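Worksheet for the structure shown next.
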């Protein structure tokens, strides 16, 4: 059959010129850049009559740059180093990586700018991860420097804590020193005020225990201390002021702030009277003369025999016997005699003689004697022997 000619057949289509694939520009080198086996591979020529292949249909082994594949490769590599969610919304140049859709990319409106956008994205991600320190190779020198810096910071913190602790202890010690110093200073000030100022000067002298001694005479003797601070009243001066009173056996000084000086005295008690040239001298148990008169004093027995010698043991024993007797019994004794310290004999106001013996057990002997005097009051007796208080004898 004859083929139609002229206008009887369809015109043959003129093949369109196939677009020439341009190589993608080299991206900026970064830490995560993965070099291909042949980075300068050029795309294979497209034969005439074949339609232009889309970029997405180009095989990965060809030299044409696939934006989706490269971005997916970057994000997959990021998954190995950190969580992709941490980089959600990060600026990747002309495109943006969404953390919720890892592995996908938004294509630029300009297909020719896709390779440049991918390079910028990789560079931005590399800078961000490098700034965060993710994926940086561990340099032993830098690691050692970090350990040294960490140890230095730790040492400084410890030294700072130690300084703070030392300062706190020092402040506590200083506070204790200040308190102690303040107390000492206050005591010294108080002592100075009491000792050297008239704040505690003596304005009143009080005498206690005076019976035979006139209280007014004692106060007059102590008037020398008027206006003297209580702390400066000398006991030796008080002794010199009171030694002129023979009836004072002992005394005690008491200072009552702010202005009172109290003197408690104990008078000597005359126990034996000794006649000498018609004068009756009164002596206490220590042999100190406390008075004299033309007649014997009431309640003070007259001594005879060896008792007249105040240095003899008989005088000492007789004086202790009279001193230790109760006042009601001592008032009935009119005379006392002894030849030694073991044969003291008393004479009562009714003429009854009492053999006392030594000066031991005076209190018990006194009780026994008073009981016998009460029991034998209606019987005529001449002598009671209490030298042995557990076996008294009378006749």
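Glycine residues also receive a Cβ, built from the backbone N, Cα and C atoms like all the rest.
Keep in mind that what you see is a predicted model, and the values were worked out from it rather than measured.
Sequence annotations record features per position, and here TrEMBL assigns compositional bias 'Basic and acidic residues' to 1-12.
Per TrEMBL, the feature compositional bias 'Low complexity' maps to 34-43 (among others).
Taken from TrEMBL, the feature compositional bias 'Low complexity' covers 51-69 (among others).
Among the features that TrEMBL reports, compositional bias 'Low complexity' is placed at 84-106 (among others).
Feature annotation from TrEMBL assigns domain 'POTRA' to 202-268.
The annotation domain 'Cell division protein FtsQ/DivIB C-terminal' is assigned in TrEMBL to 284-386.
Residues or ranges marked as region 'Disordered' in TrEMBL: 1-117.
Long-range contacts of the transmembrane segment (177-199) within the same chain, counting only residues at least 6 positions beyond its ends with a Cβ under 8 Å from a Cβ of the stretch, are 227, 229-232, 257-258. Look at TrEMBL and you will find 177-199 tagged as transmembrane segment.
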*asked:* I'd like the per-state residue tally for the domain 'POTRA' (202-268) from DSSP, helix first, then strand, then coil.
replied: 22 helix, 23 strand, 22 coil
